[in-house]
Amino acid sequence: MKIATFNINGVNKRLDILLTWLGTAEPDVVCLQELKATDGQFPRAAIEAAGYGAVWRGQAAWNGVAILARDREPVLTRTGLPGDSSDTQSRYIEAAVNGILIASLYAPNGNPQPGPKFDYKLAWHLRFNQHAAALLETGVPVVLAGDYNVVPEPRDIYPTRSYDDNALVQPESRAAFRSLVDQGWLDALRKIHPKEELFTFWDYRRNRWQRDAGLRLDHILLSRKLRRRLTGAGIDREIRALEGSSDHAPVWVSMRD
DNA sequence: ATGGCTAATCTCATTAGA
């Protein structure tokens, strides 16, 4: 079973790339972020024609998350995080697929920092971590996949000082991610590739893709029961290399059934 | 300190992303 996450940066703008990738990578489950589409604009028919059922939560202009499942309909369990009914941003969706609870998340960027956007980022992570703890309590197999907008460690970014003031690398951001992992989640990409340089995002500007000046922002976390089933993980960099691609690459894990 | 790329929007300029 292959489970992937992909910050698509506009699901309609990059529909061709998404369909090409679905056809070659053949993931069983896909978590999408940054749909940049309303519920009505989601390309349901094209995704269905590619053989995938889907649940999604869109929003005008920004954000938006979805979960796709090959030859199945994901069973929607939640849209949105608990804990703040005033939060209207579409950043979280959760569904059951083939006995596994799947969460597709798009954490706030948080720039500039300090400021209200950074406050929102940290508050969002706190709410997310509380919900993740509740999911662990249930004992159900869970995958938390998405764009966390956190560079976990200094080795997860190319050598530079230009991100020193960026919300993605601040100690508070890293502490939020670390406390989540410390609940008992497995950072699957790092587990499979303990020494390698792992980047999942390259800014469009300043030839950062050509220079391989990347960051690791997209993560797949597994609950305890799934750790033993993990067999592989990777980053589909060739998708980032395509003309007109997202600034993120797809990230995936494979597991025994 | 700024700009650098890209996208969406009641654009031809602004906001947001990271």
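Using N, Cα and C of the backbone, Cβ positions are placed for all residues, glycine too.
Take the Mg(2+) site that TrEMBL assigns to A:Glu34, A:Asp147, A:Asn149, A:Asp247, A:His248: the candidate from A:Asn7, A:Asn12, A:Asn63, A:Asn111 listed for it is A:Asn7. Counting Cβ atoms from all protein chains shown, A:Asp247 (Mg(2+) binding site) has 18 others lying within 10 Å of its own Cβ. Ranked by Cα separation from A:Tyr106 (active site), the recorded positions A:Asp147, A:Asn149, A:Asp218, A:Asp247 are led by A:Asp147. The CA atom of A:Asp218 (site 'Important for catalytic activity') is located 4 Å away from the CA atom of A:Asp147 (active site, proton donor/acceptor).
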